[in-house]
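*Asks:* If you scroll down you'll find the structure; I have some questions about it.
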Amino acid sequence: MATKSHITLALQLVVVALVLSIANGKGLKLGFYKKTCPRAEAIVKSITASKISLAPSLAAPLLRMHFHDCFVRGCDGSVLLNSTKNNQAEKDGPPNLSLRGFQIIDAAKTAVEAACPGVVSCADILALVARDAIQQIKGPAWPVPLGRRDGRVSIASESRTLPPPNANITQLKSLFASKGLNAKDLVVLSGGHTVGTSHCSTIASRLYNFTGKGDTDPSLDSDYVPFLKSKCKPNDRTTLLEMDPGSFRSFDDDYYTMVSKRRGLFQSDAALLDDKKTSAYVKLQAQSHGSTFFSDFKDSMVKMGKIGVLTGKAGEIRKVCTLVN
């Protein structure tokens, strides 16, 4: 009976993934603004390059912003909207309070609006900025099909549906499958943790109270725990930890080496070793110095950028990214 229910669930996930893969990205195409705003992509690239050259640490938050946008209501720029008197927006939801780099999106939008008023969406600008920022720190450059429209709805509570840092492998695979992404996309996109930082509060329970008995998460390398505890004291909510110590500003394959050594920062990183497919991928990249990581990351980012997009006459083209027209 249990076997039959597992098969049924697996088939349901496959059907959901197939439906989403067909629906996701419909209406997007490369060079979408070639006639209506031919310099759009070059303008965004120039603005991003100038900003990231001054603050390279913003590349990781911009990638994360794109991810958070796409996983809530699809890639519709809803994460960029400000809260109003009557509505708390996504950016004020708990998982998004640490997002940074909104000023770069605004600068790019202002420059594009000056060239082509009311043509290029904020959702497209965010997708381009995320790509260009990662390329600026020596990461891969993936093709970004364009034509997204901006959403008019942004609800803070919906941000709680984002994959949490303490998620287990079953939860992660289910969350990604619900967006049309498979186990390979999960382990590949997790590689984005090779850049950036996170607050000590996100791993406090792993270090000091994993099961409520003052213990440490046994999935963490015991030799690594003293180092983390030296950085993060109990109840520390302000100190920042490097996601990939030693190369947190460099987009590379070191993340997989850290995870394979049981030194991934989050429980969701450690969870990648709990599945046959994701574990095999982690070990392959760790042993081969990321032989296929950049290529795979490009493919998965293209897929992610197509999640639940609004195209055609759906949504709108915002004049200002923080406000609905």
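Placed from the backbone N, Cα and C atoms, the Cβ positions cover glycine too.
Note that this is a predicted model, so its numbers are computed, not measured.
This is the feature table in TrEMBL:
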BINDING   Asp69, Val72, Gly74, Asp76, Ser78, Glu90  Ca(2+) 1 binding site
BINDING   Pro163  substrate binding site
BINDING   His193  heme b binding site
BINDING   Thr194, Asp244, Asp252  Ca(2+) 2 binding site
DISULFID  Cys37-Cys116  disulfide bond
DISULFID  Cys70-Cys75  disulfide bond
DISULFID  Cys122-Cys321  disulfide bond
DISULFID  Cys200-Cys232  disulfide bond
SIGNAL    1-25  signal peptide
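Mind running through what each feature is packed against?
*Replies:* Cβ neighbours within 10 Å of Val72 (Ca(2+) 1 binding site), excluding its own Cβ and spanning all shown chains: 25.
Pro163 (substrate binding site): 21 other CB atoms within 10 A of its CB, across all protein chains.
Long-range Cβ proximity for His193 (heme b binding site), meaning a same-chain Cβ under 8 A and a gap of 6 or more residues, is found for Met243, Asp244, Tyr255, Gly264, Leu265, Phe266, Asp269.
Cβ neighbours of Cys116 (disulfide bond) (same chain, under 8 Å, six or more residues apart in sequence): Tyr33, Thr36, Cys37, Arg39, Ala40.
The Cβ of Cys70 (disulfide bond) has 29 other Cβ atoms within 10 Å, all protein chains considered.
Long-range Cβ contacts of Cys122 (disulfide bond) within its own chain (separation 6+, distance under 8 Å): Gly77, Leu80, Ile105, Lys109, Asp150, Arg318, Cys321.
Less than 8 angstroms from the CB of Cys200 (disulfide bond) sit Lys231, Cys232, Lys233, Asp236, Arg237, Thr238, Thr239, Leu240, Leu241, each of them six or more residues away in the same chain.
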*Asks:* Could you give the Cα-Cα distance between Pro163 (substrate binding site) and Thr194 (Ca(2+) 2 binding site), in whole Å?
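*Replies:* Cα to Cα, Pro163 (substrate binding site) and Thr194 (Ca(2+) 2 binding site) are separated by 17 Å.
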*Asks:* Which recorded positions (Cys70, Thr194, Asp252) fall within 10 Å of Ser78 (Ca(2+) 1 binding site) by Cα distance?
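*Replies:* Checking each Cα against Ser78 (Ca(2+) 1 binding site), the hits are Cys70.
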*Asks:* Here the binding-site residues are Asp69, Glu90, Asp252; which one has the lowest number of other Cβ atoms no more than 10 Å from its Cβ?
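*Replies:* Output over binding-site residues Asp69, Glu90, Asp252: least Cβ neighbours within 10 Å is Asp252.
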*Asks:* Starting from each candidate's C-beta and looking 10 angstroms out, tell me which of the disulfide-bonded residues Cys37, Cys75, Cys232, Cys321 has the most other C-beta atoms.
*Replies:* Cys75
*Asks:* Can you check which residue among the binding-site residues Ser78, Thr194 has the largest number of Cβ atoms within 10 Å of its own?
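*Replies:* Most Cβ neighbours within 10 Å: Ser78.
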*Asks:* Calculate the distance in Å between the alpha carbons (Cα) of Asp252 (Ca(2+) 2 binding site) and Asp76 (Ca(2+) 1 binding site), and round it to a whole number.
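*Replies:* That separation, Cα to Cα, works out to 28 Å.
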